[in-house]
Amino acid sequence: MMNLRKNHPLLKMVNHSFIDLPTPPNISSWWNFGSLLGICLVIQIATGLFLAMHYTADTTTAFSSVSHICRDVNYGWLIRYMHANGASMFFICLFIHIGRGIYYGSYIFTETWNIGVILLFAVMATAFMGYVLPWGQMSFWGATVITNLLSAIPYIGPTIVEWIWGGFSVNKATLTRFFAFHFILPFIIAALVLVHLLFLHETGSNNPLGLNSNADKIPFHPYYTVKDFLGGGLLIFFFMLLVLFFPDMLGDPDNYTPANPLNTPPHIKPEWYFLFAYAILRSIPNKLGGVLALVLSILILIFLPLIHTSKQRSLMFRPISQMLYWILIANLIILTWIGGQPVGDPFIIIGQLASISYFSIILILLPIAGIIEDKLLKWYLCL
């Protein structure tokens, strides 16, 4: 009898990707976050679709339509809070996924890594445009401040800003186009995820040792499907805990006030997952310099394969690099905290020092540490 799973044109693709996929036998729970990101994307697309059925992309009715969803639509409050907090869960998983990639040297698979960086930019753009849609105070002023940064581009900057706005300020045209892009981008992200997986399955997964594990790979199912189901269950548990008990914990109270172009909030800030980049932007007094630093703070990930100096792939047996890695993580937490603080005296200098150390660790200290560790290992082996 023909094995349908292995011979059917469609099922064969699923089989090679999720069932008979040869997988390293020693990958840890840090490898769970790829599948968790898939769950997050499905949640976001599903809840977003239902929200789009009731939302109106018009400056006069956008805020009241969100209010209507929460008050009058059956389980509208649940769908809205799942979508809003789903973005936070998405970014938590995303940051851990990237952090694991840096720690274990997954960036050596350059095609997979570069598609991942493009995905990060696409997810950040989607989240930013989604934050504008409820048309609260922070939505309006966040959109105004962040889009206005493009005016720092020489010659063409102001024209680009007006072109994005569809006028001379953030208005109805801006909201309509942001809604259109916010709706279409998740489907583009889903397509890019397939490309990401395609490149990953060309090379096979990395593992904690950073060594080739072709000799002893095991099938993905049942070993890692069970592991992914456990991870997915835990994610949904903590996600629903957040949604049902602390739905506004990660939001901004200013966004419960309808947008008013005549009244600026005392402290304009983006969502928590952009605060580290926002802190880097604010730490440079020059507008163009700040924008370049903002873009580079994420684009720097593209250069990781080029500045990898060690003969070892993973940081598992590299204590100096490990120490620098955890300092970098602490540094990012400090930047996130600084981004949420008002522009005042201790915070400015802390932000500037954290920004300098962020770029220094990645571009200078980690490559030097890789060379030193190789020299130490060579010296030790010669003893």
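Positions of Cβ are set from backbone N, Cα and C atoms, glycine also.
According to Swiss-Prot, the features are:
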TRANSMEM  33-53  transmembrane segment
TRANSMEM  77-98  transmembrane segment
BINDING   His83, His182  heme b b562 binding site
BINDING   His97, His196  heme b b566 binding site
TRANSMEM  113-133  transmembrane segment
TRANSMEM  178-198  transmembrane segment
BINDING   His201  ubiquinone binding site
TRANSMEM  226-246  transmembrane segment
TRANSMEM  288-308  transmembrane segment
TRANSMEM  320-340  transmembrane segment
TRANSMEM  347-367  transmembrane segment
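Taking the features listed in Swiss-Prot, we show where each one sits on the structure.
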| residue | record | Cβ contacts under 8 Å, 6 or more apart |
| --- | --- | --- |
| His83 | heme b b562 binding site | Gln44, Thr47, Gly48, Leu51 |
| His97 | heme b b566 binding site | Phe33, Gly34, Leu37 |
| His182 | heme b b562 binding site | Gly48, Thr126, Met129, Gly130, Leu133 |
| His196 | heme b b566 binding site | Thr112, Ile115, Gly116, Leu119 |
| His201 | ubiquinone binding site | His16, Ser17, Leu21 |
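Among the listed stretches 33-53, 77-98, 113-133, 347-367, the one sharing the most Cβ pairs under 8 Å with the transmembrane segment (178-198) is 113-133.
Sequence-distant residue pairs (6 or more apart) of the transmembrane segment (288-308) and the transmembrane segment (33-53) include fewer than 3 whose Cβ atoms are under 8 Å, leaving the two stretches without contact. Only pairs six or more apart in sequence are counted, and the transmembrane segment (113-133) with the transmembrane segment (77-98) gives three or more Cβ pairs under 8 Å, enough to call it a contact. His196 (heme b b566 binding site) falls within a helical segment according to DSSP. Annotation note: His83 (heme b b562 binding site) sits in a helical segment as assigned by DSSP. Under the DSSP three-state reduction, His182 (heme b b562 binding site) is assigned to helix.
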